Amino acid sequence: MSNIAHDYIEEYIRGLIPQKSGHIKMMEDYAKENDVPIIHPEVAQFLRVLIKSHNVKRILEVGTAIGYSALIMAQACGEGCEVVSIERDDEMYNKAIENIKTLKMEDNVKVLKGDALEVLQDIEGEFDLIFLDAAKGHYDKFLPLCLKHLKIKGLLVCDNVLFRGMIATNKLLIRRKITIVKRMRKYLSHISNMPELETVVLPIGDGIALCCKLEVDNS
Ligand SMILES: C[S@@+](CC[C@H](N)C(=O)[O-])C[C@H]1O[C@@H](n2cnc3c(N)ncnc32)[C@H](O)[C@@H]1O
């Protein structure tokens with residue numbers, strides 16, 4: 001139970017999404033068996049629709065884990081796409097590289113090893129879409145670094161922003177998560193009120209924030 005949508009709604013929506021097969025399915029099974037938190041099926045589908053409808057070709061991801069979402073996005077992007085993903089954990093990084101090789105996507109998906117707060121400083125160029133899916137308590141720190149790399153009209157997608165419902169109500173709050181919850185509430189309020197962003201928070205998966213970068217006239 002995600003505490004975001006009713007179980008029957010989630011199950012119904014998931015039932016509409018075509019089942020994955022081959023190595024992608026094996027990655028889903030691996031993630032389940034090894035407690036690796038990968039995107040929920042409806043979030044994967046949401047990203048696929050965004051990518052295809054906005055002719056997204058260059059993607060930046062913060063938080064690779066085993067490479068599942070990076071590969072899902074690369075497949076949706078198709079020929080000529082580039083996904084750059086950042087991961088700090090050695091074991092996750094190695095597993096992601098292995099999965100990218102198995103799917104022969106080395107030319108399209110690159111994983112940069114290190115802390116995103118440092119790696120993001122060295123990345124060059126602009127991206128059509130940025131997917132933020134790393135340490136929830138640090139989204140505020142990732143934000144300016146991500147926005148620097150997002151083109152005007154580009155999309156920023158942030159995952160886990162409703163964090164098992166805890167962000168929306170104290171009734172679900174687990175005491176030891178209070179710092180993350182407070183930071184995320186502040187982050188959501190911030191991105192909802194920035195003049196340079198148009199933002200919507202959606203109750204799918206563990207909560208998604210979708211932001212579009214606007215051209216702001218500073219004159
Ligand atoms: C939720 S998982 C990513 C799942 C992946 N996007 C997917 O759906 O397949 C978050 C990952 O972010 C990594 N991470 C957390 N904070 C990070 C940071 N500051 N820099 C780089 N990686 C980070 C963690 O090691 C973890 O593997």
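Note: Cβ is positioned from N, Cα and C throughout, glycine not excepted.
For reference, TrEMBL has these:
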| type | residues | note |
| --- | --- | --- |
| BINDING | ILE39, SER69, GLU87, ASP115, ALA116, ASP133 | S-adenosyl-L-methionine binding site |
| BINDING | ASP133, ASP159, ASN160 | Mg(2+) binding site |
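If you take the Cα of GLU87 (S-adenosyl-L-methionine binding site) and the Cα of ASP159 (Mg(2+) binding site), they are about 16 angstrom apart, rounded to a whole number. Here ASP133 (S-adenosyl-L-methionine binding site) is positioned 7 angstrom away from ASN160 (Mg(2+) binding site), judged by their C-alpha atoms. Following the DSSP three-state reduction, the secondary structure of ALA116 (S-adenosyl-L-methionine binding site) is helix. Each of the binding-site residues GLU87, ASP115, ASP133, ASP159 was scored by how many other Cβ atoms lie within 10 Å of its Cβ, and the smallest score goes to ASP115. Taking a Cβ distance under 6 Å to any atom of ligand 1 as the criterion, the binding-site residues GLU87, ASP159, ASN160 reduce to GLU87. On its own chain, ALA116 (S-adenosyl-L-methionine binding site) has VAL62, GLY63, ILE86, ARG88, ALA134, PHE142, LEU145 as residues at least 6 apart in sequence with a Cβ closer than 8 Å to its own Cβ. If you take the Cα of ILE39 (S-adenosyl-L-methionine binding site) and the Cα of ASP159 (Mg(2+) binding site), they are about 8 angstrom apart, rounded to a whole number.
Counting every protein chain shown, the number of other Cβ atoms lying within 10 Å of the Cβ of SER69 (S-adenosyl-L-methionine binding site) is 23. Each residue contributes its Cα atom, and for SER69 (S-adenosyl-L-methionine binding site) and ASP159 (Mg(2+) binding site) these two points are 11 Å apart.
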